[in-house]
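Structure record follows, encoded as structure tokens.
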Amino acid sequence: FISTVCNFMSHEKCLKNVKIPCSCIAPSLVRVPVAHCFGPPGHYKRKFCTVCRKSLESPAFRCEVCELHVHTDCILFACSDCRQCHQDGHLDHDTYHHHWREGNLSSSARCEVCKKTCGSSEVLSGMRCEWCGIMAHAACYVIVTPECTFGRLRNMILPPSCVQLFSRNFSKLHCFRISENLQTESDEDDDVDGSTLGSAKDIQISTDSSKQTLKIFDGNDAVKRNQFRLISVPRIAKNEEVVEAALRAYYINDDQQEYELQTFTQQVLLSDDVINRNDAAEDSNLGSVFRESVPEAWIIRAKPKDEEVIRIYPAWLKVGMAYVSLRVNKDSTVQTVIKEVLPLLGRQTECLQNFKLVEVLMGSKQVQRMVLDNQELILNRFKDIRKTSIRQMNQTRFYIVENSKSIVQVNLFVGGLPPQLSPEEYTNILKEELAIKTNVVSVSHVYQAQGAVVLQISCFSEAERIYMLVKDTVINDKPLNAVVIPEVMASKIPQNCCPLLVFVNPKSGGLKGRDLLYSFRKLLNPHQVFELTNGGPLPGFHTFSKVPSFRVLVCGGDGTVGWVLGALEEIRHKLVCSEPSVAILPLGTGNDLGRVLRWGAGYSGEDPYSVLVSVDEADDVLMDRWTILLDAEEPAEGAENGIAEPEPPKIVQMNNYCGLGIDAELSLDFHHAREEEPGKFNSRFHNKGVYVKVGLQKISHTRNLHKDIKLQVDQHEVELPSIEGLIFINIPSWGSGADLWGSESDNRFEKPRIDDGLLEVVGVTGVVHMGQVQGGFRSGIRIAQGSYFRVTLLKPIPVQVDGEPWIQAPGQIIISAAGPKVHMLKKSKQKQKK
């Protein structure tokens with residue numbers, strides 16, 4: 001048997017066991033309506049559409065928060081059953097049930113109940129909970145206990161009941177801070193054409209002379225947008241057959257006797273809108289010759305009724321899908337409905353004025369709520385919705401809601417402002433640039449060092465206006481950025497829960513960051529995943545500032561790790577958990593810190609789930625950080641740009657290493673090459689090739705760096721051998737995993753560790769020597785070990801700190817230990833044996 005609505009197939013002997021609801025009744029099974037978050041359309045191999053169960057060949061949409069995949073022309077029929085990742089003040093639940101999503105499992109997936117395989121790459125099959133990840137057959141999942149405990153990752157997931165976000169006007173992409181690609185801009189327009197093309201694709205205009213193809217619209221809205229579905233019916237078809245085919249095309253499960261078809265022309269005369277009136281008029285005068293090739297257009301309408309049974313959902317019932325059915329007639333108003341419903345819900349003693357009736361349209365992209373006027377006639381309201389679209393009628397529900405003073409509070413993080421101003425000055429800048437209304441907007445937090453503020457806004461339209469305006473505002477040549485921030489209610493976080501704050505740099509390391517963002521949003525709560533290109537690390541740390549204990553995972557190269565650690569250092573005093581441990585998922589080119597902490601040389605597509613498990617099992621280690629003060633004494637005479645006045649002293653933080661001379665010079669050349677043609681630098685292998693090429697050009701250099709610098713270690717002068725590069729190392733890995741210090745023991749020095757409070761100083765004699773170190777044939781020349789260094793530069797010399805190179809003018813460089821050691825996470829060993 002095959003379902004004529006959603007293409008579900010079953011053996012005759014299996015029919016009695018079918019537990020899967022058809023797409024046409026999916027809207028009635030939603031517990032809490034939550035809209036999906038669709039990114040730009042893409043190509044997804046071996047995935048199936050949730051609505052029509054066919055495979056996705058052409059570009060299709062997927063939800064960025066749950067596993068929903070859907071064709072462009074099926075998107076209107078998907079209902080809002082995304083997972084609820086935060087409380088929004090509408091229907092908040094404290095107990096969490098499994099959030100089942102059907103299909104698109106790997107073919108090796110195993111059922112939790114009967115332990116047999118339940119995934120398939122041929123059809124949409126098997127169920128999976130989108131929080132805890134357990135999988136089961138459609139026939140078995142009914143037995144699983146409904147409460148969800150969030151599975152293996154429960155200690156790292158930020159529980160949805162602890163997150164609050166009032167997000168009425170903001171698109172889902174903004175709420176989850178998902179950066180929109182350029183393609184998304186045109187998304188709305190594509191949608192209109194997509195739905196006509198897509199449905200036309202399924203039913204080719206039949207050449208078979210016994211069949212005819214009809215265009216069906218489901219209401220005035222579809223006519224305006226020219227969105228129709230095509231159906232194919234026998235030429236000599238009864239009216240009922242056509243109506244039934246039309247209802248099926250729109251995924252509607254009602255009795256066809258309640259509907260009728262109107263021809264398009266007849267409709268135009270009835271309707272007030274001027275919709276291609278001229279075309280329609282000419283159309284009706286055409287001879288029957290053309291009628292054969294052009295599909296006829298019809299509109300499906302609901303017949304008017306004098307009485308009806310409606311369902312009213314009580315918004316305060318926490319669990320279960322309970323609703324109350326009520327018979328209404330043409331005199332019933334919203335008020336009489338409320339009056340009749342309250343006794344059925346055991347609330348008869350309460351005053352009618354405390355309740356309101358809310359109409360909720362559960363569209364796949366947006367859940368729209370509208371409070372109905374007390375005097376409005378219910379049947380008229382039904383008639384209006386059906387006239388607009390009978391599909392929308394199928395996705396509309398009525399909730400009875402208590403009138404409570406709803407508090408609106410949107411938190412908006414605004415960065416890119418000039419640093420080091422007072423709160424009053426920031427408020428004045430915002431008044432001038434954004435014309436903020438101070439009665440509804442207040443500045444709740446100020447981050448002076450970073451030039452950022454957090455605004456609390458108590459009006460949706462004002463929040464939306466500011467958000468849109470900030471994107472186009474530039475102050476002192478710096479564009480501002482705005483991020484919608486959820487509020488984490490720290491008091492509700494369970495005792496043993498230590499949520500993971502994830503930062504991903506989508507630009508580093510061969511652009512693998514995009515896929516990781518998507519995977520981590522799926523595996524965790526999307527509110528704990530932050531994109532670093534969207535406002536940097538500060539919005540993430542601010543969101544977690546009240547969380548009593550949390551850990552951090554940084555996905556990016558060594559530069560990204562340094563950026564996050566630097567931000568953590570600056571904001572540490574404002575965090576309740578002031579020393580979170582930091583794990584690394586290496587995405588860049590060098591990844592020396594990642595290697596030392598056993599996270600590997602670079603991410604090569606391991607399963608993101610197992611990455612999270614190893615973060616959960618990782619060990620806490622301490623690591624030194626160092627402060628480098630660069631003070632150019634006299635102006636750089638030989639510099640090409642001819643600056644006359646001395647540069648102000650500059651302070652940088654260092655985690656891994658700091659190089660002077662040849663090492664920094666190569667890095668600088670690579671940097672310039674990358675800035676000229678960034679498009680080429682999207683693979684690690686190519687990046688390393690450029691390093692080699694740049695190195696070969698430098699082989700014939702003379703060795704006289706030791707004449708241009710002086711080194712003082714812990715107040716003692718140190719004589720330098722004949723070298724071309726001087727390198728200070730904090731971790732036992734340099735230049736993509738080479739051991740520069742060497743492993744043989746030496747009585748003069750201690751064995752290096754990352755938390756011993758000492759830096760090692762090593763010399764290299766040139767490019768060839770560096771190459772030999774990289775190849776593992778030699779180590780560097782050991783020069784010193786200490787905790788306080790002063791280097792005097794006698795002429796301009798290239799310097800690099802953690803891979804960021806520049807030319808430093810003559811003067812002093814002082815390196816000393818920075819503040820407290822940072823807590824890092826080191827991957828534990830047992831994993832590797834397996």
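Keep in mind that glycine also has a Cβ here, set from the backbone N, Cα and C atoms.
Copied over from TrEMBL, here are the features:
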- 35-82: domain 'Phorbol-ester/DAG-type' (DOMAIN)
- 97-148: domain 'Phorbol-ester/DAG-type' (DOMAIN)
- 306-405: domain 'Ras-associating' (DOMAIN)
- 495-632: domain 'DAGKc' (DOMAIN)
* To do: Give the residue counts of the domain 'Phorbol-ester/DAG-type' (97-148) per reduced DSSP state, in the order helix, strand, coil.
  => 3 helix, 12 strand, 37 coil
* **Mean predicted confidence [pLDDT] for the domain 'Phorbol-ester/DAG-type' (97-148)** => 88
* Asked: With DSSP helix as H/G/I and strand as E/B, how many residues of the domain 'DAGKc' (495-632) fall in helix, strand and coil?
  -> 52 helix, 32 strand, 54 coil
* May I have the DSSP-based helix, strand and coil counts for the residues of the domain 'Phorbol-ester/DAG-type' (35-82)? => 6 helix, 12 strand, 30 coil
* To do: Using DSSP, tally how many residues of the domain 'Ras-associating' (306-405) sit in helix, strand and coil.
  => 30 helix, 36 strand, 34 coil
